[in-house]
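Working notes, structure below.
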């Protein structure tokens, strides 16, 4: 992970998102890593993932190194959980002990990816209920959203917010419109955290206070609703954010793991054995 993040700092955010999208569909089972085949449609081309989730090759490299050292022992699901933690640490975020022992799914769910991963157009109530179905509280959801202190988003994800919403700083909207036209430019990128997209801290929440959240779903956390007070807390206390983020990451990493004789230890993260 150090080599991958040194090569491209955005990798830390990309792997964190991969882990989130894995855990929200059938649990943290490495299902998102499976490639489509002639007879199998996996999660990679589902709406939240298509042309969007990235850096699978980093997981491939880690897996081949781990296999060489310790054959058929460490699952792709566990590798993804550890890599997500390491990416956060390498960009200045907190560390935590990752519970291990997940096994790899022998299938994935295209429909589950489409229906269970919250889209960037989500309202606050939709975010709270989506996370609740995974056993995560509103506080967990607001802390995990702080993962957007790193990384980039595509124009297609934030276009509705900068053109249609009123809960946005006009100067910030104008700045983002310059690189995200009403039509075209879907893959143009913008930083989720205006100031420091490669440093893990609490600027994400400070931006929400001045209506500079990039996604509609970001600004929903601070828009006269139930999470306003917590956003203020995280913006003024980075320590509280970091400890809540760690607790929520461990909880998210514990969603419906396959254990014991369930699933398998995949030899190649892209294909079932």
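A Cβ is built for glycine as well, from the same backbone N, Cα and C atoms used for every other residue.
According to TrEMBL:
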ACT_SITE  21  active site, proton acceptor
BINDING   22, 25, 27, 29, 43  Ca(2+) 1 binding site
BINDING   118  substrate binding site
BINDING   148  heme b binding site
BINDING   149, 193, 196  Ca(2+) 2 binding site
DISULFID  23-28  disulfide bond
DISULFID  76-269  disulfide bond
DISULFID  155-180  disulfide bond
DOMAIN    1-273  domain 'Plant heme peroxidase family profile'
SITE      17  site 'Transition state stabilizer'
Neighbourhood of residue 22 (Ca(2+) 1 binding site), C-beta criterion under 8 angstroms, separation at least six: 28, 29, 30, 31, 32, 33, 77, 80
Tertiary neighbours of residue 27 (Ca(2+) 1 binding site) (same chain, Cβ under 8 Å, six or more apart): 255, 256, 257, 258
Cα-Cα distance linking residue 148 (heme b binding site) and residue 180 (disulfide bond), given in Å to the nearest integer: 19
Cβ neighbour count (within 10 Å, all chains shown) around residue 193 (Ca(2+) 2 binding site): 27
Cβ contacts of residue 21 (active site, proton acceptor) (under 8 Å, same chain, 6 or more positions away): 32, 43, 48, 49, 53, 113, 117
Distance [Cα-Cα, Å, rounded] between residue 149 (Ca(2+) 2 binding site) and residue 17 (site 'Transition state stabilizer'): 12
Length of the line joining the Cα atoms of residue 17 (site 'Transition state stabilizer') and residue 196 (Ca(2+) 2 binding site), in Å: 18
Cβ-based isolation winner (fewest other Cβ atoms within 10 Å) among the recorded positions 25, 180: 180
Surrounding CB atoms that lie within 10 Å of the CB of residue 269 (disulfide bond), all protein chains: 22
Same chain, 6+ residues apart, C-beta under 8 Å of the C-beta of residue 196 (Ca(2+) 2 binding site), given in sequence order: 149, 203
Among 17, 148 [recorded positions], residue with fewest other Cβ within 10 Å: 17
